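What TrEMBL says about this one:
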REGION    40-68  region 'Disordered'
COMPBIAS  45-55  compositional bias 'Polar residues'
DOMAIN    62-130  domain 'RL'
DOMAIN    189-346  domain 'Poly(A) RNA polymerase mitochondrial-like central palm'
DOMAIN    442-485  domain 'PAP-associated'
Amino acid sequence: MAARGLGLLTSLPLRARRSQVQRPLCRLLSCPGTVAAALGREEQSSGSAETGSENRTPKKRFSEVQKERREQAQRTVLIHCPNKLSEKKFLKYLSQHGSINNHFFYESFGLYAVVEFSQKESVASLQNVTRTPSLGTEAAIPFRSRYFNLKLKTPLNQTSEQPSIQCRTQSSPSSRKLFELLCCAESVDDQLDTLLRELQLTEEDTKLRYLTCSLIEDVAAAYFPDCTVRPFGSSVNSFGKLGCDLDMFLDLDEIEKFSTHKASGNFLMEFQVKNVPSERIATQKILSVVGECLDHFGPGCVGVQKILNARCPLVRFSHQASGFQCDLTTNNRIALKSSELLYMYGALDSRVRALVFSIRCWARAHSLTSSIPGAWITNFSLTMMVIFFLQRRSPPILPTLDYLKTLADAEDKCIIEGHNCTFVRDFNRIKPSGNAETLELLLKEFFEYFGNFAFNKNSINIRQGREQNKPESSPLHIQNPFETSLNISKNVSQSQLQKFVDLARESAWILHQEDKDRLSPSNNRPWGLAALLLPSVANSMSLAKKKKKPASERIKNLLESIKSSSTENSTATNG
């Protein structure tokens, strides 16, 4: 069970205690009304974050969400629009081809519209009246996609037109804006919920991601007519942050399924195909050709790189219209299954996503993670650590993967490349947690738990939800949930792990000080999660290391003394 020594909560409710403290910093940052506006935004399945088990509305399976989103994307078009445009006339023109379910505008390299029709036939109708542009000195490649360019025959006089088009934001708020929101929150729990609302993928961003995959599928379908291109990773596992990369999976297994029907009579018909020595070579050849097509024929696909000798071969490119950095892989079904597992964990309890987003934001603020490959801890590793920590609570907030496997039936059975990836997919068969701990307590004890974790001898394993002896000498060992022989954090260096431990201990100490100073009327400094994101935390640690006693040792002794005093106080109270 996770250690529990820091900051015993008083009997006064957290929200009431916070409201007793006036925070001049909020007035200095001029943010009245900001939080109210943020709370008014539509919550993207964040739910209640107090106990995590009140809202037990039926949740859709991962496969159901993917199927619905993919079907939605197939009847959606992307249109590059002129800056001066009448939205009313624009929609009236498109309505000639069928009714429109919804639409939105955004800015990337110009003004773009995403328009979803009610029927897939409307897209074909629009394509039939669309012409291939004549470029004069250049030649256009006649590719019929669902990515259009709208031009006006005569410029519109905007003086008498309706108000300018409202564009949806596709990026996260600035650091200053986010800091203001956190400082004006009423409690640490409210801070974590606010951070989640501000950073998570919006409904529009999610639609655009599925549409982008569908547009790439149109290109790949020239060679593989029944293929599908599915998003995976952060775009679909419910932990994606605005602006994150778009990982795509070129799924060719659907084609093979069509060939599994029984042969009639005494005959067996097979396609004539090219043979190659291994499946890896087949993957490399397929991605090489698809990468060439994207480079030469894919509208909006720029900077195409074919990285075929990586452990998992991929094609990397930028999709200019959507603004996404994309990685396209194939023969990577385990990654898609991992996305489904994280999606399930994120949906089981409303506190999971809020805690993961906050830990990731904290890690990025202190350069523990990076968008550049190296010896840093990855977001995936941090997510595994949060899940493992929540499995260690008493009672557990999240079930172990082995327990989810015991709930599975024949429909859930899944073996990929010899690895058992089976777990239950029906949410209704998983009993909700009886744990009612607050986000503030969980955040504080996450830092305390991993600030004192025996990384030198133990590994993290979400299959069993308990520490195990490390099978190798890597500084940080986190077992891959499905490919159990792999360490997903093998890249992490000892210095980076020590930096994580030191920062975790320092953050636990700051949150403990927050408990002590909670009722101080002169408290006009950044507090709670906002205090943890300040660079001064890392700076103070570097200064402390210059002292005679190492910071890690001092903080460890301090935590132990706090824990012992808390135990004595608890014993005295009970007596």
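Cβ coordinates come from backbone N, Cα and C, glycine included.
Nobody curates TrEMBL annotations by hand; they come from automatic prediction.
The structure displayed is predicted, hence computed values, not measured ones.
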Across the domain 'Poly(A) RNA polymerase mitochondrial-like central palm' (189-346), average pLDDT on the 0 to 100 scale: 90
Helix, strand and coil residues within the domain 'RL' (62-130) as assigned by DSSP: 32 helix, 23 strand, 14 coil
Residue counts (helix, strand, coil, in that order) that DSSP gives for the domain 'PAP-associated' (442-485): 10 helix, 7 strand, 27 coil
